[in-house]
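Undergrad: Right, I'll just put the structure down here and ask away after.
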Amino acid sequence: MRGNMMHSLRHAPLLHHLRAKLCVPSSSSELHLFLLPKRSLSPRSSALRYGSVPKPFSGLRARVRARAFGTAAETLEEGAEKNGSYFFAEEGVSWKSLGISDRLCRALSNASLHKPSLVQAACVPHVLTGNDVIIAAETGSGKTHGYLVPLIDRLCSTSDPCEEASASNKLTEAHKMVLVLCPNVMLCEQVVHMAKSLLNDSGEPLLRVAAVCGRRGWPVAQPDILVSTPAALLNYLFEFDPEKKRRDKFLQDARFVVFDEADMLLCGSFQNQIIRLIHMLRFGEKQLSEMEDSSKDDSVDLTKESHVELGYEDNKVQQLARDLEEEEADVGDDLEFFKTEDTRHETSSVRDWRRVRKVYRRSKQYIFVAATLPASGKKTAGGVLKRMFPDATWVSGNYLHRHNPRLEQRWIEVTADTQVDALLDAVKCNYDIKLRDSDAGTSRTMVFTNTVDSAESVAEILQRVGIECILYHSESSLEERTKNLNLFRENGGVLVCTDAAARGLDIPNVSHVIQAEFATSAVDFLHRVGRTARAGQSGIVTSLYTESNRDLVSAVQRAERMGEPVEKAFSRKRSFRNKLKKKGRSEKCALSPCDI
């Protein structure tokens, strides 16, 4: 029966056309991935690495580890395999022991967050210090709560230890706000939901949380946590605020700034927007420091001065996009953001302040969060952060860019004739298997393709053989994506999607991820496989690959066996096949004439 059905599928004109879209891509769009060379770190050498810049990002030595978390790492080494947990911190580490208040501990417990994860145990104390922090940890490790919990705790605290010295200063009485920047609306909504899920003893959210994205405008009431996309934030600060009142207050109030999915925000189309915002925030920080010093003179009108200085910043904001290149040429002057030949409108006080730009009181905390953070070049996300925030503390997860031990990888080589059969077998197997250690009551499978056309083709193929599925891709409307994602979360089933669903979305209990088309980069690969085996659970990834991907798959499999990271020596989105060809040419040139 199955053979007859597949025979009719292959010869039906429409489905033959649909199946063709799943075939091997042309040489102009070869599939690729990247590999890290061997590192001295074994797969379980430590649960977490600490330091100014961890080993995956440079050769610098890590700083001394905090005792409690070094112990957690040792416990993982000794007992993780026995108890099956690579996710939670050791038994002696709790939210309270990390410095979280009793009030927030109760809220976390009521939200079923009884115990911190290893990554949360590592990053919470660093965020509480007020220093800049870069969190680079594998998908599903608890990064979002890793920064939300300490920031909420700081806002809820009656006194901020980082500002005790200036508590008498009127400028510190401004409303302190957390700004979280995300690359898309869905991630913004997710962060808002997670922040609002932490309730006080009366059942109300601990803090006021608002989103500025999609169709949501600027909140009427001042929020404690503002979540936005870069484009929406810039639009509301510049396009809809001609008198700059909102902008001036925003720059003063935004004391904690989080860049979620930082690798995506610092590259591609987001880069100019993010660099512009960073420059604005740092300039506002510098101006606030100057005003605090000037406030000792009772004759100074702080409100007027603030408006004038920030108005000056607006005249220079068009220059911000070019400053990154200047910054690359002069790493030491990482705060020299406003160089310009046109100084006709520049006051002497501003020029004097720029000359002492390195000496000012910090009033903002910057936190960058990512599951993949390449740092192999100056223009990669990691390279940019090392230059712009050289003193930031880096917290790196043990399985960053590496194989998750609770993840089972299945590799199936296919041809044009076998690809549809292999896809259907992979989708149907999730109905029959019972994953080890899985307590999920609903089966969820995600099928990834590289393009919208392929996603629609796969969805139609599955529906033709009686497999109901949900479609999710960037060309769907926001309302449709939201509806489909909620449907998948609530009812499970099969979600056919592009990489629009690969990054950041927290979908619980996804037991199976299928790559109908192999990922085109290491970043996409890691985010796809990161949709399953999250929060200490098990999962399966089935990757369909073609002959053109054979060398790549062999390299990835070797990385799994050796415990090597799946990224390094290749910039983001760079073709793995080009690297292989270059290596082949080098080996050929090294041969002697008699060998040829």
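Positions of Cβ are set from backbone N, Cα and C atoms, glycine also.
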Undergrad: If you look at how TrEMBL annotates this chain, which of 93-121, 122-150, 151-179, 441-469 comes out as motif 'Q motif'?
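TA: In TrEMBL, residues 93-121 carry the label motif 'Q motif'.
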Undergrad: I'm checking region-level scores; what's the whole-number mean pLDDT for the motif 'Q motif' (93-121)?
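TA: Summarising the motif 'Q motif' (93-121) by its mean pLDDT gives 95.
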Undergrad: May I have the DSSP-based helix, strand and coil counts for the residues of the motif 'Q motif' (93-121)?
TA: 13 helix, 1 strand, 15 coil
